[in-house]
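Q: Below is one structure. I have some questions about it.
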Amino acid sequence: MKRMIALDGAQGEGGGQILRSALSLSMITGQPFTITSIRAGRAKPGLLRQHLTAVKAAAEICRATVEGAELGSQRLVFRLGTVRGGEYRFAIGSAGSCTLVLQTVLPALWFADGPSRVEVSGGTDNPSAPPADFIRRVLEPLLAKIGIHQQTTLLRHGFYPAGGGVVATEVSPVASFNTLQLGERGNIVQMRGEVLLAGVPRHVAEREIATLAGSFSLHEQNIHNLPRDQGPGNTVSLEVESENITERFFVVGEKRVSAEVVAAQLVKEVKRYLASPAVVGEYLADQLVLPMALAGAGEFTVAHPSCHLLTNIAVVERFLPVRFGLIETDGVTRVSIE
């Protein structure tokens, strides 16, 4: 019998990342775990619908036995069975992030007995989670270089607070892992600005695009009007395609915040990324830790290691026989497998 790993949910960023990473790693390694003080660092601690959906999804995919799987629970015990590929559908029942649920269960399906398809309904444009286009256009091309083949499709948008969005991912078992080396970003090839609107006047998007174009030379400017029943909502994105990597940044519009202010927030974030020689942005760095650890090698550079990144590394090192090294040089942090 494999040993039970005990985790403190209050460590590091004190949010849902510890739980999601633990679920992924438990499903992959077969090691059971207990986590206490779940989301202790949040204003509303314990499991929310999004986290509970991730737990139930993980349990269904690997036939696990779970204690504490209920709303508001701050303690969870997870003992898994066998991971099985197949077709799965999960509903969050709120505007909680679809992509964070997918992020939890997809790594286990890289090791399943056959191809799988996972569909999640809930929120798609959430300021606290990567949108589907980030997964599709930024993360998945890098996963393919590592040897992980999955394809994410956004079937319907769902903005906060209504939700109602649908995201699906098809994934195949991994044959072998490759090493990902992201040492240099390379020259910028092109930049693309994009605005999504649902139930919001078009002039809002036009002003947001104008703000982006006032700071960057955009090769593409796209405005997408979504059906009104998918909103109300507004998301502004800017994609930076460089020779060795594509990064994508986004901001979700808010009521009573002007289009110019919303877009200016995005401009500031992109300028901060471009001012640093670091290859990956803060959010992408979080996503690369687990696949890199499974490959057993690799490296990337990031401007500053976020609390999310450090927490993710700490959890990975509890489950896998790997050690990460973080070395700061010339204003960036090099993250690698030691």
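The backbone N, Cα and C atoms fix where each Cβ goes, and this holds for glycine too.
So Swiss-Prot lists the following for this protein:
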- Gln103, Tyr283, Leu284, Ala285, Asp286, Gln287: ATP binding site (BINDING)
- His308: active site, tele-AMP-histidine intermediate (ACT_SITE)
Q: Using the CB centroid of Gln103, Tyr283, Leu284, Ala285, Asp286, Gln287 as the ATP site centre, which other residues of the same chain sit with their CB within 8 A?
A: Pro130, Leu139, Glu282, Leu288, Val289, His308, Leu309
Q: How would DSSP class Gln103 (ATP binding site) in three states?
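A: Once the DSSP labels are grouped into three classes, Gln103 (ATP binding site) ends up as helix.
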Q: Which one is it: of the binding-site residues Gln103, Gln287, which Cβ has the fewest other Cβ atoms within 10 Å in this structure?
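A: Gln287, out of the binding-site residues Gln103, Gln287, has the fewest neighbouring Cβ atoms within 10 Å.
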Q: To see if you understand the setup: which same-chain residues, six or more apart in sequence, place their Cβ under 8 Å from that of Leu284 (ATP binding site)?
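A: Counting only residues 6 or more apart in sequence, the Cβ neighbours of Leu284 (ATP binding site) under 8 Å are Val138, Leu139, Leu142, Glu247.
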Q: List the same-chain residues at least 6 positions away in sequence whose Cβ sits under 8 Å from the Cβ of Asp286 (ATP binding site), in sequence order, or say none.
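A: Listed in sequence order, they are Gln17, Ser306, His308, Leu309, Asn312.
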Q: Looking only at Gln103, Tyr283, Leu284, Ala285, Asp286, Gln287, which the record lists for ATP, tell me the maximum pairwise CA distance in angstrom.
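A: Taking every pair of listed residues, the largest Cα separation comes to 14 Å.
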Q: Tally every other Cβ atom lying within 10 Å of the Cβ atom of Ala285 (ATP binding site).
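A: Excluding its own Cβ, Ala285 (ATP binding site) sees 25 Cβ atoms within 10 Å.
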Q: What is the total of other Cβ atoms whose distance to the Cβ of Tyr283 (ATP binding site) is within 10 Å?
A: 19
